[in-house]
Structure formats: structure tokens, C-alpha cells
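J.: Below are the C-alpha cells for one structure; questions will follow.
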Amino acid sequence: MVNSKGKITDSDPGSSHLLLNGLADKAGKNQDTEPENSLCSQYEEKVRPCIDLIDSLRALGVEQDLALPAIAVIGDQSSGKSSVLEALSGVALPRGSGIVTRCPLVLKLKKLLNKDEWRGKVSYQDFEMEISDPSEVEVEINKAQNAIAGEGQGISHELISLEVSSPHVPDLTLIDLPGITRVAVGNQPADIGHQTKKLIKKYILKQETINLVVVPCNVDIATTEALSMAEEVDPDGDRTIGILTKPDLVDRGTESKVVDVAQNLVCHLKKGYMIVKCRGQQDIQDQVTLTEALQKERDFFEDHPHFRVLLEEGRATVPCLADRLTSELITHICKTLPLLENQIKENYEKITEELQKYGSDVPEEEHEKMFFLIEKINAFNHDITSLTEGEEFVGEDECRLFTKIRNEFHKWSLVIEKRFQRGYKAICKQIERFENRYRGRELPGFVNYKTFEIIIKQQIKELEEPAVYMLHTITDMVQAAFTDISEANFAEFFNLYRTTKSKIEDIKFELEKEAEKSIRLHFQMEQIVYCQDQVYQCALQRVREESDKGKDRKINSMCSKEVSSVNISLSDIFEHLLAYRQEATNRISSHIPLIIQYFILQVYGQKLQKDMLLLLHDKDTHNWLLKERSDTSDKRKLLKERLARLAQARRRLAKFPG
């Protein structure tokens, strides 16, 4: 309703007509006087723009992206739903047995504030037709339903738009939905009941939709399927209005029960109930006009001993219903506009970001295609450079490729340390075994170099396969990263992506072999036991100092028994092994990662970039390389259409006086 300050509220469903149609009617009757002109201006400024805004957004197709404020009309078959819509719109809609409304019908009613002639328009799919006579509406709606849903009793989710402009209709937009059916009859699909409920729920589930539930007065309201569906999606009744029809068919003695329902005392809805008496089948056969039917309706409620009170409360007659619905729709639109604006903004930003992934359209001109391909390849090469230099952009929960590789190198250093430190006691036994086998004429206390050399070579040799395994692991990581970059840049061009992926694999196999060859060569060189004299002497001195100070108790504790039973030279050999191991560890732990970085990052990236630039030389392949996936161009087109819709919607919302 509208309170004393002119604000629309939900508390009293009956008194809202004082602002809306009453406002418009007064403005239309006395357009020459200043007060009425003021009312007309208020009507034009407050009511019309709200509904026109939402209708324009719906016409743009914004409803494909997000929900718009709407009033959806639902009801069981034979509930009187069509009669209510006819009374509101002033035009005859399809009638008959079975499912009459087979497609959602957007009924846009526009009140003309002057004496302009009645006009209508039917729109669906790519078809649009102006209508000059109200009697043509029913035929055109039937044609539209047959074109969309086919001949027969099938239904469709596709919208039909009917626009009616007249001095005798309220400013209102309704969505008429198929009547609820339970059993398939005739040539209806076997699951017609499921189909209709699914279609209805698609609309009434949305929080932006006011559900207008049409219920006959002569049925038990508690068992009504339409009201049950509304309660399921709106359990608190916040956005549901009940419309009671056929009060003239109520059995004698049950009128008070109908009044209780209408006064919201039985099945409570926060927005309450309205009651109307529309044309019945006999009225139609008697050719009672809609205007005459409205007068008969008012006379019925004024003269009825039980229902008169509902008229006095503003809960009865079609004109009161029209005003109430317009009031509700305006309130609902104003309430949801801020949220709608935010949703449009968020969707616009999201689609813009998604569209960037698909890039721009491929040019038609050959020379432009060359520049387009150059840009694509340069962008790819730039990403490869960033990756190999450890400067690529990564998400919040991701890490750079170089970080992953560095972790593998750290694991490598731990492997070396673990292999060299493996079992001091076992090494002591190994020293003893080699000493017994290879000791020559040396006197006790002299180190046998052959023993030292064989042991150190064996320890280093054991690291060769782990090094090669690390190479393969890192190569696979780099290949996967390069492939991801290729997909990110070329996914929509399947030939270019496939060509790039093939090059990534070919270069990988080539350089992996070279890197493995270099690693194995390094380990072959490590079989030459060598270290600069000064470096080795310093390392040996450090080992002996640690041994003397008792810091390296492992030598003394683990080998004391072995030394006492064999020869003092075992301790000396162990010290030499530790000294040489330190220097060998430094060499191997650094040089193997250098080999991998050189071949698998630096050379791999450079060679791939050069091979990609070579693609530009063969102009005959440009069209083939830039051939898009059909779904890519379709998706880009769809995203652009959505973006254009939302951009227009944002502009219209920005201009709305609000």
C-alpha cells in the first residue's frame, strides 16, 4: 500500500489503488487542470519509469544472465488464471481444455495517459508483429505457441512477449506460466506434469520473482498444487500473493470460510490475498464484454452479504488487484535495483575477464593475419622467457616453476649427503676389506692409495643414476609448464596449439638426451680422483682438526674397534675419504644442476622461441595455423553478446532517476 507519506508498503493489500490507477485515471480525465497535471507528472515520474526500466532490460535479454524483478502467475488447470489475465489486460487470451499456456508469456501492460488508440505487439524468436485489434491477440498467441512448441500439447521454455498499450490497462508486467497438470491426456507427453512443474519452478525459485498464485474459491486451498509449490520455494510467504477466483461458484454456507481465507486467517501469506470475479464460460458465450464484466464484478461484491466486506477492505475486484500488483511490482523493483546493479557490474567484470582468455577475432585480410600471428607468437615467447627466468605470474596458491626446480636441487643435495654418510661402520669394513686385498709392501701406518681411490670412485658412481632421474623429473616439469603456456596462448587455434606442442616434445627429447650425455660425462670425469693440492690439503687439515677436538666422534666411536684389530692406517684412509668427499660434494651438488638449468631451461626455451618464429616464414600455413575451433568462435561471440547486453543495462541503470 501507500502510506500517508507516499511510500509503498506491504501492510495493507487493499488501499494501494489510491496512488496508481486512480492517479492515472484522474490525470487522464482532467488534463487541462493543474492539480491533475501534477498527478499525471507524478505518475510519469514514479511509476512508469520503474516498469519501463525492467521491461527494457528484459528486452535486451539481461534475464539470460541474471534474474530480474517480475510477477509470475501460476495456478492449477481450470483455476481461472486466464480469466484473471484477460481482465487485467483487456484482451482475450487462448482458452480451452488441457494446457492452454504452452510457453511463458510476458504480458507487458502499458497505460496510455491520453486518448491514443489501443495497440499491441507480439514478439518471439526473431519474429515481431504489430497488432491493431484486440481480437487478433488470441490467434497470434496460438500461432506463436505452435511455432515454438509445435502443434499439439507440448510446452517450451522459450518466451513469448505480448505488449498491450491502452488507456484502460494498468502499468504492469506479468509472466503467465503453463497451468499445473498431473496426468497426460490426448497427445501430451507422458511426463507433461514433470515438465510443467520444472518450467514453473525455474521462475518461482528466483528471489526476484513475486509469485501470484491463482486459486478457485470452491476448492480446499490447503490441497492446491500451485500454493504448495509456492510454499516450497517461499516457505515464509514473503513474495507470494494469493488470488481467489470464482466466488460465485461457492456453495451456500461456505462463504465465511472464503472470507477467512481472503482475510489471511487460514493459509497465511505476508502479502495476503485478493479476490476477483472474472468472466465465466457462460459470459463468454453470451458475449459479455470485459468492460461489462468489470461492472458485473463490482455489483456482485457490493450486493453480496458476505463478500461486501472484502470490497470495503480493498481486497476485491480486478481494478483493485491491478493497483495492488502495480504497487507490489514498483516496490519490488525499487527494493532490488541496488542488488541488480551490483550483479550486473559483477557479471560484466567476470565476462570481460573470461573474454580475454579467448582473445580477439582472427582478421580477414592476409596482411593483418600475419601481424595477428606475430602478436600471438611474441606473446607466447614472452611468457616462455618469463618462465625460464623465474619471473612468470602465478596465482595466490601456486608457485613458480623455478621454485619447484630449486626444491628438486635441494633434494639432490640431500641425496648426495645421504649417500656419502651411509653407514660409517660399513665403510670401515669396506676399508678393511680393501686394505687386506690391496696392501703392498707398505709398512703399518702408510695409507694405501689404491684402497682410497676404489672406495671414493664407487661412492661417486652410485650418484649417477639419481642425477639422471632428477634430470628426467625436471624435464617433465618444464615440458608441462611450456605446454600450459602453449594452451593458454593457443588453445582456441587447435592447429597452432598442436604444432607448438609437437615442437615442445621434439625439443624436449633432443635436449634431454644431450643433458643426460653431459651428466654421464661429468660422472665419468669424476672417476678421475683429482683435487687441487692446496684445496685438498685444507680440507684434510679441517677433518683432522675436527677429529682431534672430538667433534667428529663418528670416526673414533664407529671405527675404534675396527682400527684396533686391523691397522692404524684405516683411520688415515677414513680421514682422506672425508676430505675428498667434501670437495666432490661441492662439485657434484652444483655442477649437475647447472647442466640441467643450461639444457632444460635456457637452451630449451631459446630453441623453442626460435622454432616458433620460424613458423612465420611459411606464409602458406598462416590460415591453417589460425584456424579456430568452432566452439571457440561461438563462445567468443556469445560472450561479446552478453557483454554488450550488460553494458547497455549498466547505461540504462545509470540514467535511471531512481
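Yeah, the Cβs are placed from backbone N, Cα and C, and that goes for glycine too.
Annotation comment: Swiss-Prot describes 75-82, 176-180, 245-248 as GTP binding site. Feature annotation from Swiss-Prot assigns domain 'Dynamin-type G' to 65-338. Residues or ranges marked as domain 'GED' by Swiss-Prot on the basis of sequence analysis: 570-658. Residues or ranges marked as N-acetylmethionine in Swiss-Prot: M1. Annotation source Swiss-Prot lists region 'Disordered' at 1-20. Under the heading region 'G4 motif', Swiss-Prot lists 245-248. Taken from Swiss-Prot, the feature region 'G5 motif' applies to 277-280, supported by sequence analysis. Residues or ranges marked as region 'Bundle signaling element (BSE)' by Swiss-Prot on the basis of similarity to another entry: 339-364. The annotation region 'Middle domain' is assigned in Swiss-Prot to 364-531.
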J.: Where among the binding-site residues G75, S78, P247 do you find the Cβ with the fewest other Cβ atoms within 10 Å?
T.: S78
J.: Give the residue from the binding-site residues L177, I180 that has the most other Cβ atoms within 10 Å of its Cβ, counting over every protein chain displayed.
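T.: Result for the most crowded candidate: L177.
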J.: Restricting to the region 'Bundle signaling element (BSE)' (339-364), report the mean pLDDT as a whole number.
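T.: Looking only at the region 'Bundle signaling element (BSE)' (339-364), pLDDT averages out to 84.
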J.: Starting from the Cβ of K81 (GTP binding site), draw a 10 Å sphere and report how many other Cβ atoms land inside it.
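T.: Around K81 (GTP binding site), other Cβ atoms within 10 Å: 30.
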J.: Going along the chain, which residues at least six beyond the ends of the region 'G5 motif' (277-280) come within the CB cut-off of under 8 Å?
T.: 80, 83-84, 86-87, 245-248, 288, 290, 293, 296-297, 300-301, 317-318
J.: So what's near the region 'Bundle signaling element (BSE)' (339-364) in sequence-distant terms, Cβ-Cβ under 8 Å and 6+ beyond its ends?
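T.: Result: 62, 65-66, 68-69, 208, 371-372, 376, 488, 492, 626, 628, 632-633, 635-636, 639-640, 642-643, 646-647, 649-650, 653.
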J.: Which of the three DSSP states, helix, strand or coil, fits K81 (GTP binding site)?
T.: helix
J.: Tell me whether P247 (GTP binding site) sits in a helix, a strand or coil according to DSSP.
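T.: Going by the DSSP assignment, P247 (GTP binding site) falls within a helical segment, counted as helix.
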J.: Where DSSP helix means H, G or I and strand means E or B, what are the helix, strand and coil counts for the domain 'GED' (570-658)?
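T.: Its residues divide into 81 helix, 0 strand, 8 coil.
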J.: Three states by DSSP: which one describes I180 (GTP binding site)?
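T.: In three-state terms, I180 (GTP binding site) counts as strand.
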